[in-house]
Structure formats: structure tokens, C-alpha cells
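Each remark here refers to the structure printed beneath this line.
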Amino acid sequence: MPRQRLAERLAAARADREAAQAVRTRRVVEAREGMQVLVDGRQLTSFCGNDYLGLSQHLDVVAALQEAAAWHGVGSTGSAGVSGHHAEHAAFEREMAQWLGYERGLFFGTGYQANLAVLQSLLGEGDLCVQDKLNHACLIDGARLSRCELKRYPHADVEAAMRQLMTRRDGVAILATDGVFSMDGDQAPLADLALVARAQDALLYVDDAHGVGVLGPEGRGSLAVAGLGAREVPLLLVPLGKAFGGQGAMLLGSHAVVGHIAETARPYLYSTAPAPAMAAAMRASLKLIRSQPWRRAKLASLVARFRRGASALGLPLQESFTPIQPIVLGDNARALSLSAALEQAGYLVTAIRPPTVPEQQARLRITLSCEHNERDVDGLLAALAEALGARKAPQPA
Ligand SMILES: Cc1ncc(COP(=O)(O)O)c(C=O)c1O
């Protein structure tokens, strides 16, 4: 058989994506102030970012980054095990561990990298990783990288998780779930999953990218809401590109487990450590998350306003009480055309299509931030109503 030409394969794949309306393009953000973005020369109100608490441009956070960069430079100069582990990283790891009640933290350059690292380092052939079907792609990819057996249970189905854990008793088992599901906004049944993990001798690992900062007292996230801590959830990931308004991820766990990952995880060992200035900025974000509950209160009230208005309009809301409020539309063409109509009306809400979400579940993933105001929310609702031909005008609160 002749070798397949790469160019032909790529052209065929591109044609398939075009036919399925699955081509992905990147929009260039030329300027941004809060939720106002300048894209292709037009000012739009963004409803699709993850800056839930508006910290990405907060003066304290920006000043911490600038000052640390002035003192320490931009790059970390090496991987953490060689020359890249800085006092700012160490301080941030200690502060996060103390705040969330864990023995130790480990700072990664991205959440994606952290999930590859955790699962690759803790699991291998003969082990089992049981995951919610709607977990973020990097949890799935981490399990694949580890070569363990990966089983995925129907979304939020605790009994199915239990059954899958019961299929294998020989190796190590990890039960992994998002705390808040990134494309749906609903919350994992963590208390029940903790019971299942304990009964099945599995380690429960929660990726709370969209929970920490937003939910619970002081923004401690999904675990605090469910009344759980390090005993029930021995390993927790806090990606920092969302409520923290920065980049990277903090892994939290015991000295033994996190220490093992720090010494053996290939995605951690063989990658340049994040900038010390980013750790400094995230320390500033942590202070604001803890000390400014008004950000969460305002966000919650905007979420409630959006849901009230959307249900008055008969929009198909999901069971989500977090800032992620998807409108599931079905096929790609519908999601794209609604996104384009919203853009015409002045709103940036990118269409989310498979494989990011299951087939026939293309959607608008609307996200709210405390940087929005009531007028923004009402304006978006009116634009949605217009675009969808909904039954009545939005009801003011
Ligand atoms: C649940 C979840 N985990 C991990 C990630 C990846 O984190 P990062 O963007 O820092 O790579 C994301 C989103 O980006 C996410 O939604």
C-alpha cells in the first residue's frame, strides 16, 4: 500500500469540517476593557469569557504582575526541577494549600498540563480511571496518556460510576470529575461521588476550574458547597484562567501524592515553569477572591436576572445555577447563525460545537461576569429574543 499523503488527508479533513459547519476560526481581540471587547474593529459586549470575577484587569493583579516582572524578569528560566522554581511560586503554593485545607500545592503552567501530569503520574497499565462523560477533554487525555483503563459513566450518574469502579479491583482506581461542568454549568454530585469513592477504595479527584472563586464561602468552590474537604477529595485542581483571571493551575493534595507528581509527572518535569510574575499576580487575585464577597454576590444576582429573563422568554435554559448558562440549539448551523445574529446586535457569544460538546448539542455557552451590569444582561436577553423569535420581551426584575 502506498503511504498516504499528509496534504490529502488534511484537505479531506478540512472538507469534512466545512461540510459539517465545524470550521474553527480565531477572533482577534484588539482591545478589552472589562466585558467590552474590540473585535474586527467593532466594540462588542462579551458573554463568552471566563473572567467571572473581573480580576484579569484588576489594578492590584496587574500591579503585582508588573512589579514581579520588574524584579524577577519575564521567564522562569527553566523547569521547576532545574532552575525555574521561584519564591513567588513557593509562596503561592503555600497560600493556596492553607486556604483550601491541603498539605501541599503544586503550580502548573496550565490546567491542561496539570491534568495530563496527575493522571499520567498516578496511573498506569492495570489501573482504572472512572470519569463523568462530560469531563473536560484534558482529564480524558490524561487518562489516555497514562495507559490505564478508562471508563466514562453517563453524566452525573453516581450508580453507574459505582458499577464501573466495581469492574476492576486489582490496580489503583481514580474517580475523576469536573466540579462544575465547563460546557453545561451544572454541579457534580460530589457528596455522593465521595461516598462511592470511599466504598470502592478509589481516590476522588475534582477539577474545580469553574467552581473555585465563584461558589461557596470565600469562593472556596464546589467542595465547600458540598461540605467536603481534603479527607473526602484527596486531590483537587484549581485552574487559574477563570475566576482568578490569570493563567496556570494549582494542584492540591497530600505531601505524598503531590510530591510523587512533582518528581515523576512528565508534563511537569519536562516543561518550563510558569513565570514567577504570574504566581505573584495570582497571589493578588487570591486576596481579592477572599476579601471581596461582593463580586460573588453581584455575579449571583446577574445569573438570577439572566435566568428569570430567559425563562420569561421561553428560552431553553439548562439546570445551571453558575455563571455558565448554555442555550443548547442542536445543529452547528443554528448555533452559528444565532451567534452571528447576536454579534450583529453587539454581543460576542461564540458558538460551541462538537467535539467540544456531544453531537447535535451545539450551543451558545453564555457566561456572566461581575463586570457585566443589569443593562448588559437585559440587552443580551432582548437580542436573544429577537434572534430566536421568542414569545415576549424580557421582563425587568
Ligand atoms: C474543567 C476544566 N479543566 C481544565 C481546563 C484547562 O485549563 P487551562 O485552560 O488552564 O489549560 C479547563 C478549561 O480551559 C476546564 O474547563
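Every residue number used here counts from 1 along the chain in the order it is shown.
Note that Cβ sites are derived from N, Cα and C of the backbone, with glycine treated the same way.
The secondary structure of T356 (substrate binding site), as reduced to three states from DSSP, is coil rather than helix or strand. Cβ neighbour count for T356 (substrate binding site) (all protein chains, 10 Å cutoff from its Cβ): 15. Among the features that TrEMBL reports, substrate binding site is placed at R24, H136, T356.
Looking only at the domain 'Aminotransferase class I/classII large' (44-384), the predicted model's pLDDT averages out at 97. Here TrEMBL flags 44-384 as domain 'Aminotransferase class I/classII large'.
Neighbour count (other Cβ atoms within 10 Å of the Cβ, all protein chains): 19 for Y112 (pyridoxal 5'-phosphate binding site). Look at Y112 (pyridoxal 5'-phosphate binding site): DSSP puts it in a helix. According to TrEMBL, the feature pyridoxal 5'-phosphate binding site maps to G111, Y112, S182, H210.
Sequence-distant neighbours of K242 (N6-(pyridoxal phosphate)lysine) (same chain, 6+ apart, CB under 8 A from its CB) are N50, D51, Y52, A209, H210, G213, V214. In the three-state DSSP scheme, K242 (N6-(pyridoxal phosphate)lysine) is classed as coil. For K242, the entry in TrEMBL reads N6-(pyridoxal phosphate)lysine.
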Exercise for the section: Have a look at the binding-site residues (R24, H136, H210) and report the one with the fewest Cβ neighbours inside 10 Å. Expected result: R24
Completion exercise
By Cα geometry, the one of the binding-site residues (R24, H136, T356) nearest G111 (pyridoxal 5'-phosphate binding site) is H136
Handout entry: Inter-residue C-alpha distance, S182 (pyridoxal 5'-phosphate binding site) and R24 (substrate binding site) (nearest angstrom)
Key = 19
